[in-house]
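Feature list (source: Swiss-Prot):
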REGION    1-37  region 'Disordered'
MOD_RES   1  N-acetylmethionine
MOD_RES   8  phosphoserine
BINDING   133  cholesterol binding site
TRANSMEM  135-156  transmembrane segment
TOPO_DOM  157-176  topological domain 'Lumenal'
TRANSMEM  177-202  transmembrane segment
TRANSMEM  215-240  transmembrane segment
TOPO_DOM  241-248  topological domain 'Lumenal'
TRANSMEM  249-272  transmembrane segment
TRANSMEM  316-348  transmembrane segment
TOPO_DOM  349-365  topological domain 'Lumenal'
TRANSMEM  366-391  transmembrane segment
TRANSMEM  440-464  transmembrane segment
ACT_SITE  456  active site
TOPO_DOM  465-470  topological domain 'Lumenal'
TRANSMEM  471-486  transmembrane segment
TRANSMEM  493-524  transmembrane segment
DISULFID  524-542  disulfide bond
TOPO_DOM  525-546  topological domain 'Lumenal'
């Protein structure tokens with residue numbers, strides 16, 4: 001194949017020299033017509049001909065260079081593998097090969113040092129933004145934000161006769177911040193102290209007790225009580241009892257979920273080390289220091305390690321830019337709600353609930369839903385996590401991969417949020433495979449999907465004050481089906497288009513259904529609601545009063 005391309009390339013390059021007599025005749029005719037002078041018209045035509053030939057040769061040249069580059073990289077990997085087998089120093093290729101072999105091994109519960117490997121690397125968007133063509137897309141979003149601001153100011157000036165610079169929606173959404181702050185401090189201090197104290201007490205007493213199983217089960221029970229009873233219940237009770245607004249609730253609930261996952265990772269990664277030390281009858285107990293655990297609680301990862309790759313310095317200018325972009329995205333979402341969402345759902349209440357209204361609502365919600373998808377990704381997975389990584393000199397910045405190039409949903413789930421995916425993969429999927437054996441791979445995958453769907457729906461139900469399992473149905477049923485149907489074997493560009501189209505439609509459905517239900521509960525309140533009223537959709541039966 002490469003030989004044919006080389007021959008075709010040589011043929012095209014030598015095409016002009018195949019018939020020198022014919023070329024000479026043409027030149028003589030041209031010279032005769034112009035009386036020995038080359039006219040400007042002929043010069044322009046010749047330049048166009050050369051440009052066309054260059055464009056025709058361009059893809060062939062790139063293919064040939066790509067083939068040579070692939071051969072070079074393949075030879076480099078083979079040489080590196082042969083050096084590793086000869087006993088040379090450990091290289092990146094040997095590490096990857098070892099990871100591959102470990103993944104195929106029978107014992108799927110790898111010890112911490114053979115789990116996720118952290119290396120110093122930049123976030124993908126930081127690298128892409130160095131390319132002018134990609135950075136232009138970033139500039140386009142900034143330009144769109146400016147237009148949203150101007151549109152809001154102009155409309156308010158026309159309607160009110162003055163410039164209205166009020167942010168009532170933001171003030172309402174982030175209300176009762178003092179309650180949020182003391183709740184967060186209570187969660188943080190309990191997560192810092194209780195899991196560490198329980199683990200340290202268990203680790204020092206495990207090798208001394210005469211009943212290690214009972215000793216371990218008792219400490220595991222107390223840890224479970226903390227995870228579910230204290231950290232799992234108290235924050236939920238606070239947001240409901242104090243009737244916090246939606247954004248404030250999201251802060252508390254997402255931090256609650258994050259700390260539960262962090263505490264689980266800390267215990268899960270360190271328990272095997274203590275068991276191995278007791279098995280080898282080591283005199284030292286491998287208990288991490290408080291500083292190591294404290295660093296992990298703030299580090300932008302859910303996988304515990306005693307140490308991580310660190311950058312040499314902190315770029316405070318970079319940190320400031322990331323936080324400014326987070327606030328910019330926050331105002332971006334505000335203007336999307338003001339200009340695209342609020343008018344849409346205010347008009348919906350003028351018609352009774354029907355299939356026609358629902359379909360129109362879904363398709364009108366696609367644009368704001370997609371914009372919020374991009375903004376959520378950029379604000380949290382890129383800006384927020386990179387800001388904390390820079391302040392902590394955390395070296396591994398791979399919080400996401402190129403999910404926008406996904407041609408399958410399985411690849412999208414792996415690359416959209418690498419931070420959460422790593423936790424689900426190592427502590428849910430691999431542990432389930434270790435516990436139930438490799439034969440139940442599909443059941444383990446189903447369990448991971450169910451866990452993720454339940455946690456997502458729990459967060460939305462608590463934060464919005466009603467249970468409306470639209471996300472659960474989309475994620476658990478359609479997402480699970482697409483994971484098997486549109487799998488990794490699909491590589492053609494058409495499948496990337498299908499993934500994008502389904503993502504657009506799905507976010508339109510989510511925004512439409514949840515917003516309709518929110519407005520219905522605002523305009524059709526119940527005097528004495530029962531538990532069933534919190535789980536029964538009110539948008540289906542609400543009769544708006546004008």
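Placement of Cβ uses the backbone N, Cα and C atoms for every residue, glycine included.
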The transmembrane segment (493-524) and the transmembrane segment (316-348) contact flag, 3+ Cβ pairs under 8 angstroms
yes
On the DSSP side of things, how many residues of the topological domain 'Lumenal' (241-248) fall into helix, strand and coil, could you say?
4 helix, 0 strand, 4 coil
Could you check if the transmembrane segment (135-156) is in contact with the transmembrane segment (316-348), meaning 3+ Cβ pairs under 8 Å among residue pairs at least 6 apart in sequence?
yes
How about long-range neighbours of the transmembrane segment (215-240): same chain, 6 or more residues beyond its ends, C-beta under 8 Å?
179, 183, 186-187, 190-191, 194-195, 198-199, 201-202, 205-206, 209, 248-249, 252-253, 255-256, 259-260, 263-264, 267, 462-463, 465
Against which stretches of its own chain does the transmembrane segment (177-202) lie, if we need a Cβ under 8 Å and a gap of at least six residues from its ends?
215-216, 219, 222-223, 226, 230-231, 234-235, 238-239, 242, 244, 248, 251-252, 255-256, 259, 262-263, 266-267, 270-271, 274, 287, 290, 293-294, 297
Of all the disulfide-bonded residues here, 524, 542, which one's CB has the most other CB atoms within 10 A?
542
Using CB atoms and a 10 A radius, I'd like the single residue among the recorded positions 133, 456 with the highest neighbour count.
456
Residue pair residue 456 (active site), residue 542 (disulfide bond) - Cα distance, angstrom, rounded
26
Rounded to the nearest angstrom, how far is the Cα of residue 133 (cholesterol binding site) from the Cα of residue 524 (disulfide bond)?
49
